[in-house]
Amino acid sequence: MATLLCRALLPLRPLSSSTRPAADVPFRARSHGASRLYPDHIPTSPLQKALLAAGSAGMALYDPYRHDMIAVLGETTGCWTLKVLRDQMRKDPEGAQILQERPRISLSTLDLGKLQSLPEGSFGREYLRFLDVNRVSPDTRAPTRFVDDEELAYVIQRYREVHDMLHTLLGMPTNILGEIVVKWFEAVQTRLPMCILGALFGPVRLSAQSLQVLVSELIPWAVENGRRAPCVLNLYYEQRWEQSLSALREELGITAPPLCVRGRA
């Protein structure tokens, strides 16, 4: 339903935006034709955004693994929150550097050989291990399309592309329970509506046993760490590969993950 809604409401994407991988296309203010602010931008009216938000929210709640619908929901509901996050980044030296340089995370920008050569326990090596063990790729992140400001579009793109880094920092797998825990952490950190919705409604698919563990142990742990840690968007992860994961967690005030999360779905 939500997919059909997207197709019905939106103009066709220009062919030029699909000729290069999303992570190779920079977010910069320039002319892209037809009021497009960045390569994948699709201008939409407030009514279109509201309909897209409603449709994508329904589909995302029905199927939490519909990352495309989650992406649409984030872009159509998070404008005010993205401005707050952007302002936090501007005020932080590392965050401001990220906004200036606009780094992207994809298989084409990562030096996998270098990550593989790093010492055991380093952040870069543990991130690579996370990708391998969970069989995920940074190239699966959808490009931003519905944010009508190119700098805010980069902020939400950056949020998506560092999501797997947060899994690594928090020690969470990619099963439903792990994703919900990360969403609680992100909800506290970012206040993005899609994170709050995911944190609140994601648990409906859990078993009674997993729900008990989530409520009694994992949510308090995620909330406490989310409140204590500085804004995770201000971390230039690409410059922290060689730092040990334990040292990075200590710097951010993130405690080791509860052992109870392992082996649960």
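Think of each number as a place in line: the chain as shown, counted from 1.
Note that Cβ sites are derived from N, Cα and C of the backbone, with glycine treated the same way.
Positions annotated as Zn(2+) binding site by TrEMBL: His163, Asp164, His167, Glu179. His167 (Zn(2+) binding site) counts 22 other C-beta atoms within 10 Å of its own C-beta, drawing on all protein chains shown.
Asp164 (Zn(2+) binding site): 22 other CB atoms within 10 A of its CB, across all protein chains.
A sphere of 10 angstroms centred on the C-beta of His163 (Zn(2+) binding site) encloses 18 other C-beta atoms.
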